[in-house]
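Q: Have a look at this one before I ask anything.
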């Protein structure tokens, strides 16, 4: 799977290196070897070691990259994530692109970890969204998983998600669901609701998840209770129920969720909190590459 990102790595390197790293080419002898380490300047979760390794080796197949940590591992400031040895010039040419990938993915994983810790013990899980950097969705969703989050749908093709614009364009929530049912494939169906009236309209055996969007905590609690009552009166008799599900349809909450509000939303009994900030607002983890030895 990772090989599919080689064109992305090539593009990123061409963007940075262009016609050549003029500083390194004209200041560092080509026969000088070096050993360098990538060091964390702050604590966080590791993610992206393989894409970093791919970047170094794309610049110079002779570079040796050795991970000294693992993706998903918590590290403290000062810890070395990886060691690179080989041509000093090649290491420095690949440095920024490799660090950009690592810092971005470690940042996503670290922010996800903070959300997961915030709602620990509630039984609720943290979901990502499609609000990802173009071209980096798979990598960023991988980073979410490294941080302990759960991946939502990967794209438009692997799950039905009826949102407000679909409802308007279909001239109604019921009409949208009915049209999907006529040609439905073996995919989960989620419906976004913005009121109790819409929620009750969406409570049908065909619906697998309810997305409660942009509602205060007390309204979310009422929605969860309503779904729970419906579930007890209408136990599912199909194979779409996911292992470990508390109820069916499940309840996802989005909108207004941050590190200050997440636990209150999770304590409503919701199954998932979807957080766009995991991938659209995660700060990069501060990392640096340091040459330790030249020979």
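In case you wondered, yes, glycine gets a Cβ from its N, Cα and C as well.
Checked TrEMBL, it gives:
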type: DOMAIN; residues: 21-106; note: domain 'Quinolinate phosphoribosyl transferase N-terminal'
type: BINDING; residues: 96, 129, 130, 131, 153, 163, 192, 213, 254, 255, 256, 275, 276, 277; note: substrate binding site
type: DOMAIN; residues: 108-290; note: domain 'Quinolinate phosphoribosyl transferase C-terminal'
Q: At its widest, how many Å does the recorded substrate site span between Cα atoms of 96, 129, 130, 131, 153, 163, 192, 213, 254, 255, 256, 275, 276, 277?
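A: Farthest-apart Cα atoms in 96, 129, 130, 131, 153, 163, 192, 213, 254, 255, 256, 275, 276, 277 are separated by 41 Å.
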Q: Using Cβ-Cβ distances, find the residues under 8 Å from residue 130 (substrate binding site) that belong to the same chain and are at least 6 apart in sequence, listing them in sequence order.
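A: Result: 137, 152, 153, 155.
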Q: Determine, from DSSP, whether residue 192 (substrate binding site) sits in helix, strand or coil.
A: strand
Q: How many other Cβ atoms sit within 10 Å of the Cβ of residue 256 (substrate binding site)?
A: 14
Q: Taking the Cβ of residue 96 (substrate binding site) as centre, how many other Cβ atoms lie within 10 Å?
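A: Other Cβ atoms within 10 Å of residue 96 (substrate binding site): 16.
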Q: What is the one among the binding-site residues 153, 192, 254, 276 whose Cβ has the most other Cβ atoms less than or equal to 10 Å away?
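A: Ranked by Cβ atoms within 10 Å, first place goes to 192.
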Q: What is the number of residues in the domain 'Quinolinate phosphoribosyl transferase N-terminal' (21-106) that are helix, strand and coil, as DSSP sees it?
A: 36 helix, 24 strand, 26 coil
